[in-house]
Amino acid sequence: MIFAKGHGTQNDFVLLPDVAARLSLTAAQVAALCDRRRGLGADGILRVTTADAAVAAGVLHRLPDGVSPGDWYMDYRNADGSTAQMCGNGVRVFAHYLRASGLETRDEFVVGSLAGPRPVTVHHADQTHADVTVDMGKANKLGPGEAVVGGRRLSGVAVDVGNPHLACLDPGLTPEQLAALDVGAPVSFDHAQFPEGVNVEVLTAPAAGVVCMRVHERGVGETRSCGTGTVAAAVAALASAGQETGTLTVRIPGGDVTVNITDATSLLRGPSVLVASGEISEEWWRDQRR
(Lines of atoms letter the chains of each structure in order from A and count residues from 1; the text may use other names and numbers.)
(Lines give C-alpha, C1' and ligand atoms only; values in the text may rest on other atoms or scores of the structure.)
Protein backbone atom coordinates (compact mmCIF):
# COMPACT_ATOMS: atom_id res chain seq x y z
CA MET A 1 0.00 0.00 0.00
CA ILE A 2 1.66 3.21 -1.14
CA PHE A 3 1.70 6.45 0.81
CA ALA A 4 3.11 9.95 0.72
CA LYS A 5 3.98 12.23 3.63
CA GLY A 6 3.60 16.00 3.49
CA HIS A 7 2.89 19.08 5.53
CA GLY A 8 1.36 22.53 5.25
CA THR A 9 3.16 24.89 7.65
CA GLN A 10 4.14 21.80 9.67
CA ASN A 11 0.57 20.49 9.99
CA ASP A 12 1.54 17.04 8.71
CA PHE A 13 -0.39 14.33 6.95
CA VAL A 14 -0.09 10.84 5.54
CA LEU A 15 -1.66 10.72 2.08
CA LEU A 16 -3.18 7.45 0.89
CA PRO A 17 -3.87 7.46 -2.87
CA ASP A 18 -7.06 5.43 -3.29
CA VAL A 19 -8.86 6.87 -6.30
CA ALA A 20 -11.37 3.99 -6.45
CA ALA A 21 -11.98 4.19 -2.65
CA ARG A 22 -11.32 0.48 -2.17
CA LEU A 23 -9.23 0.85 0.97
CA SER A 24 -10.80 0.02 4.32
CA LEU A 25 -9.90 2.66 6.92
CA THR A 26 -10.81 1.74 10.48
CA ALA A 27 -10.38 4.22 13.31
CA ALA A 28 -7.79 1.88 14.86
CA GLN A 29 -5.76 1.77 11.64
CA VAL A 30 -5.86 5.55 11.28
CA ALA A 31 -4.77 6.06 14.90
CA ALA A 32 -1.94 3.54 14.53
CA LEU A 33 -0.65 5.09 11.31
CA CYS A 34 -0.73 8.59 12.85
CA ASP A 35 1.07 7.43 16.00
CA ARG A 36 4.56 8.94 16.02
CA ARG A 37 6.12 5.92 17.73
CA ARG A 38 4.40 2.86 16.27
CA GLY A 39 3.30 4.30 12.91
CA LEU A 40 4.44 6.90 10.41
CA GLY A 41 3.27 9.79 12.58
CA ALA A 42 0.92 12.56 11.45
CA ASP A 43 -1.76 14.99 12.54
CA GLY A 44 -4.16 13.23 10.20
CA ILE A 45 -4.71 11.07 7.12
CA LEU A 46 -5.83 12.27 3.70
CA ARG A 47 -7.39 9.60 1.50
CA VAL A 48 -7.09 10.73 -2.14
CA THR A 49 -10.22 9.69 -4.00
CA THR A 50 -13.09 11.10 -6.05
CA ALA A 51 -16.54 12.08 -4.85
CA ASP A 52 -18.39 9.52 -6.95
CA ALA A 53 -16.05 6.71 -5.86
CA ALA A 54 -16.51 7.72 -2.21
CA VAL A 55 -20.29 7.47 -2.57
CA ALA A 56 -20.13 4.16 -4.45
CA ALA A 57 -17.87 2.67 -1.77
CA GLY A 58 -20.05 3.88 1.10
CA VAL A 59 -17.42 6.30 2.42
CA LEU A 60 -20.07 8.98 1.81
CA HIS A 61 -23.80 8.36 2.15
CA ARG A 62 -24.42 11.14 -0.37
CA LEU A 63 -22.54 13.92 -2.09
CA PRO A 64 -21.95 16.92 0.20
CA ASP A 65 -23.82 20.03 -0.90
CA GLY A 66 -22.08 21.66 -3.86
CA VAL A 67 -19.73 18.75 -4.55
CA SER A 68 -20.01 17.22 -8.04
CA PRO A 69 -19.52 13.49 -8.75
CA GLY A 70 -16.36 14.11 -10.76
CA ASP A 71 -14.67 16.30 -8.15
CA TRP A 72 -11.69 15.10 -6.21
CA TYR A 73 -12.63 14.19 -2.65
CA MET A 74 -10.44 14.62 0.43
CA ASP A 75 -11.45 11.99 2.97
CA TYR A 76 -9.84 13.49 6.07
CA ARG A 77 -9.36 11.59 9.33
CA ASN A 78 -8.05 13.05 12.58
CA ALA A 79 -5.18 11.36 14.39
CA ASP A 80 -7.61 9.69 16.80
CA GLY A 81 -9.41 8.02 13.88
CA SER A 82 -12.43 10.32 13.82
CA THR A 83 -13.70 11.85 10.59
CA ALA A 84 -13.30 15.62 10.16
CA GLN A 85 -15.28 17.97 7.95
CA MET A 86 -12.40 20.05 6.62
CA CYS A 87 -8.73 20.94 6.92
CA GLY A 88 -7.37 23.96 5.08
CA ASN A 89 -3.74 22.89 5.33
CA GLY A 90 -4.78 19.43 4.23
CA VAL A 91 -6.44 20.77 1.09
CA ARG A 92 -3.22 22.53 0.10
CA VAL A 93 -1.18 19.36 0.58
CA PHE A 94 -3.88 17.29 -1.15
CA ALA A 95 -3.84 19.62 -4.19
CA HIS A 96 -0.04 19.59 -4.24
CA TYR A 97 0.01 15.78 -4.24
CA LEU A 98 -2.45 15.63 -7.12
CA ARG A 99 -0.17 17.85 -9.21
CA ALA A 100 3.10 16.23 -8.17
CA SER A 101 1.78 12.71 -8.81
CA GLY A 102 0.35 13.61 -12.23
CA LEU A 103 -3.22 12.80 -11.20
CA GLU A 104 -4.12 16.43 -11.95
CA THR A 105 -2.68 18.83 -14.52
CA ARG A 106 -4.87 21.92 -14.07
CA ASP A 107 -3.87 24.96 -12.03
CA GLU A 108 -7.46 25.45 -10.85
CA PHE A 109 -9.78 22.65 -9.75
CA VAL A 110 -12.15 21.65 -6.96
CA VAL A 111 -11.41 19.50 -3.93
CA GLY A 112 -14.55 18.18 -2.28
CA SER A 113 -14.87 17.73 1.48
CA LEU A 114 -17.58 17.00 4.03
CA ALA A 115 -17.85 20.78 4.41
CA GLY A 116 -18.49 21.19 0.68
CA PRO A 117 -16.42 22.13 -2.37
CA ARG A 118 -13.09 23.91 -1.93
CA PRO A 119 -11.79 25.47 -5.16
CA VAL A 120 -8.00 25.63 -5.26
CA THR A 121 -5.47 27.61 -7.28
CA VAL A 122 -1.99 26.12 -7.60
CA HIS A 123 0.39 29.03 -8.15
CA HIS A 124 3.46 26.80 -8.25
CA ALA A 125 4.10 23.11 -7.74
CA ASP A 126 7.06 20.80 -8.17
CA GLN A 127 7.82 17.42 -6.65
CA THR A 128 8.64 18.95 -3.27
CA HIS A 129 7.24 22.47 -2.87
CA ALA A 130 3.99 24.19 -3.78
CA ASP A 131 2.21 27.50 -3.22
CA VAL A 132 -1.57 27.04 -3.10
CA THR A 133 -4.63 29.20 -2.44
CA VAL A 134 -7.78 27.54 -1.13
CA ASP A 135 -11.20 29.17 -1.34
CA MET A 136 -12.41 28.25 2.12
CA GLY A 137 -15.94 29.56 1.70
CA LYS A 138 -17.63 32.11 3.90
CA ALA A 139 -16.57 32.06 7.55
CA ASN A 140 -19.56 32.70 9.79
CA LYS A 141 -19.35 34.31 13.22
CA LEU A 142 -21.70 32.53 15.62
CA GLY A 143 -21.35 34.54 18.81
CA PRO A 144 -19.20 34.71 21.94
CA GLY A 145 -17.71 31.81 23.87
CA GLU A 146 -15.14 31.01 26.54
CA ALA A 147 -12.32 28.52 26.94
CA VAL A 148 -9.66 27.71 29.49
CA VAL A 149 -6.30 27.07 27.83
CA GLY A 150 -3.17 26.34 29.84
CA GLY A 151 -4.94 27.55 32.97
CA ARG A 152 -5.84 30.87 31.35
CA ARG A 153 -9.52 31.78 30.96
CA LEU A 154 -10.09 33.39 27.58
CA SER A 155 -13.05 35.00 25.84
CA GLY A 156 -13.47 34.28 22.18
CA VAL A 157 -15.76 34.26 19.19
CA ALA A 158 -17.24 31.08 17.73
CA VAL A 159 -16.60 30.82 14.00
CA ASP A 160 -17.89 28.22 11.54
CA VAL A 161 -15.34 27.53 8.79
CA GLY A 162 -16.97 24.28 7.74
CA ASN A 163 -15.88 22.98 11.15
CA PRO A 164 -16.28 24.58 14.60
CA HIS A 165 -13.75 27.04 16.03
CA LEU A 166 -13.46 29.22 19.09
CA ALA A 167 -10.94 31.97 18.32
CA CYS A 168 -9.80 33.62 21.56
CA LEU A 169 -8.01 36.95 21.19
CA ASP A 170 -6.35 38.32 24.32
CA PRO A 171 -5.42 41.98 23.68
CA GLY A 172 -2.83 41.89 26.48
CA LEU A 173 -1.12 38.72 25.28
CA THR A 174 2.36 39.20 23.80
CA PRO A 175 3.88 36.80 21.25
CA GLU A 176 6.34 35.72 23.95
CA GLN A 177 3.55 34.94 26.42
CA LEU A 178 1.68 33.06 23.70
CA ALA A 179 4.79 30.96 23.01
CA ALA A 180 5.01 30.04 26.72
CA LEU A 181 1.34 29.04 27.05
CA ASP A 182 0.62 25.31 27.49
CA VAL A 183 -1.72 24.91 24.53
CA GLY A 184 -1.10 21.17 24.44
CA ALA A 185 -2.87 20.61 27.76
CA PRO A 186 -6.57 19.62 27.69
CA VAL A 187 -8.80 22.63 27.05
CA SER A 188 -12.13 23.41 28.73
CA PHE A 189 -15.14 24.88 26.94
CA ASP A 190 -18.94 24.86 27.06
CA HIS A 191 -19.96 21.44 25.73
CA ALA A 192 -23.55 22.62 25.42
CA GLN A 193 -22.35 25.25 22.94
CA PHE A 194 -20.00 22.84 21.16
CA PRO A 195 -21.54 19.34 21.54
CA GLU A 196 -19.19 17.83 18.94
CA GLY A 197 -16.10 19.53 20.34
CA VAL A 198 -14.30 22.58 19.04
CA ASN A 199 -10.92 23.71 17.76
CA VAL A 200 -9.60 26.42 20.08
CA GLU A 201 -7.29 29.16 18.81
CA VAL A 202 -5.37 31.55 21.07
CA LEU A 203 -4.17 34.70 19.33
CA THR A 204 -2.57 38.05 19.86
CA ALA A 205 -4.05 41.34 18.74
CA PRO A 206 -3.06 42.21 15.15
CA ALA A 207 0.02 44.42 14.78
CA ALA A 208 1.32 45.70 11.44
CA GLY A 209 -0.96 43.27 9.62
CA VAL A 210 0.27 40.21 11.53
CA VAL A 211 -1.52 38.11 14.15
CA CYS A 212 0.22 35.32 16.08
CA MET A 213 -1.76 32.14 16.80
CA ARG A 214 -1.54 28.73 18.43
CA VAL A 215 -4.21 26.06 18.21
CA HIS A 216 -5.56 23.06 20.10
CA GLU A 217 -7.37 20.87 17.56
CA ARG A 218 -10.16 18.55 18.63
CA GLY A 219 -9.18 14.93 18.29
CA VAL A 220 -5.50 15.83 17.95
CA GLY A 221 -4.23 18.31 20.56
CA GLU A 222 -1.87 21.13 19.72
CA THR A 223 -0.71 21.20 16.12
CA ARG A 224 1.89 23.41 14.49
CA SER A 225 -0.77 24.91 12.25
CA CYS A 226 -4.48 24.70 11.38
CA GLY A 227 -5.73 26.14 8.10
CA THR A 228 -9.35 26.59 9.10
CA GLY A 229 -8.09 27.91 12.42
CA THR A 230 -6.09 30.65 10.71
CA VAL A 231 -9.27 31.75 8.94
CA ALA A 232 -11.16 31.81 12.25
CA ALA A 233 -8.29 33.75 13.81
CA ALA A 234 -8.35 36.31 11.00
CA VAL A 235 -12.11 36.78 11.43
CA ALA A 236 -11.69 37.34 15.17
CA ALA A 237 -8.69 39.63 14.76
CA LEU A 238 -10.42 41.79 12.16
CA ALA A 239 -13.55 41.96 14.33
CA SER A 240 -11.45 43.18 17.26
CA ALA A 241 -10.39 46.10 15.07
CA GLY A 242 -13.98 46.79 13.98
CA GLN A 243 -13.49 45.29 10.52
CA GLU A 244 -15.52 42.65 8.71
CA THR A 245 -13.12 42.22 5.78
CA GLY A 246 -9.39 42.49 5.21
CA THR A 247 -6.13 40.62 4.72
CA LEU A 248 -3.84 39.43 7.50
CA THR A 249 -0.70 37.37 7.83
CA VAL A 250 -1.34 34.69 10.44
CA ARG A 251 1.85 33.49 12.12
CA ILE A 252 1.65 30.00 13.57
CA PRO A 253 4.52 27.88 14.96
CA GLY A 254 4.81 26.14 11.58
CA GLY A 255 5.16 29.32 9.51
CA ASP A 256 3.12 32.10 7.95
CA VAL A 257 -0.03 32.01 5.83
CA THR A 258 -2.07 34.79 4.26
CA VAL A 259 -5.80 35.00 4.92
CA ASN A 260 -8.10 37.29 2.95
CA ILE A 261 -11.61 37.72 4.38
CA THR A 262 -14.13 39.16 1.92
CA ASP A 263 -17.87 39.73 2.09
CA ALA A 264 -18.46 36.54 0.11
CA THR A 265 -15.69 34.12 1.09
CA SER A 266 -12.32 33.55 2.73
CA LEU A 267 -9.08 32.76 0.92
CA LEU A 268 -6.16 30.91 2.49
CA ARG A 269 -2.78 31.00 0.75
CA GLY A 270 0.27 29.13 1.96
CA PRO A 271 2.94 26.53 1.26
CA SER A 272 2.89 22.77 0.96
CA VAL A 273 5.85 20.41 1.21
CA LEU A 274 5.93 16.75 0.13
CA VAL A 275 8.57 15.04 2.22
CA ALA A 276 8.54 11.34 1.35
CA SER A 277 6.76 8.48 -0.33
CA GLY A 278 6.93 4.74 0.12
CA GLU A 279 5.04 1.56 0.94
CA ILE A 280 3.23 0.52 4.09
CA SER A 281 3.61 -3.12 5.10
CA GLU A 282 0.39 -4.94 4.25
CA GLU A 283 0.92 -7.29 7.22
CA TRP A 284 1.38 -4.36 9.62
CA TRP A 285 -1.72 -2.66 8.20
CA ARG A 286 -3.87 -5.78 8.68
CA ASP A 287 -2.60 -6.15 12.25
CA GLN A 288 -3.87 -2.66 13.14
CA ARG A 289 -7.48 -3.42 12.19
CA ARG A 290 -9.51 -3.87 15.36
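Backbone N, Cα and C atoms are what each Cβ position is placed from, and that goes for glycine too.
Look at Swiss-Prot and you will find Asn11, Asn78, Gly88, Asn89, Asn163, Asn199, Glu217, Arg218, Gly227, Thr228 tagged as substrate binding site. DSSP assigns Glu217 (substrate binding site) to a strand in the three-state reduction. Remark: Glu217 (substrate binding site) has Asp43, Asn78, Asn199, Thr223, Cys226, Gly229 as non-local neighbours, by Cβ distance under 8 Å and separation of at least 6 in sequence.
Residues or ranges marked as active site, proton donor in Swiss-Prot: Cys87. Secondary structure from DSSP puts Cys87 (active site, proton donor) in coil. Counting only same-chain residues at least 6 apart in sequence, those with a Cβ under 8 Å from the Cβ of Cys87 (active site, proton donor) are Asn11, Gly44, Leu46, Met74, Tyr76, Ser113, Cys226, Gly227, Thr228.
In this structure, Cys226 (active site, proton acceptor) belongs to neither helix nor strand by DSSP; it is coil. The active site, proton acceptor annotation in Swiss-Prot covers Cys226.
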> Per DSSP, to which secondary structure element type does Asn163 (substrate binding site) belong, with helix, strand and coil as the options?
Replying inline: coil
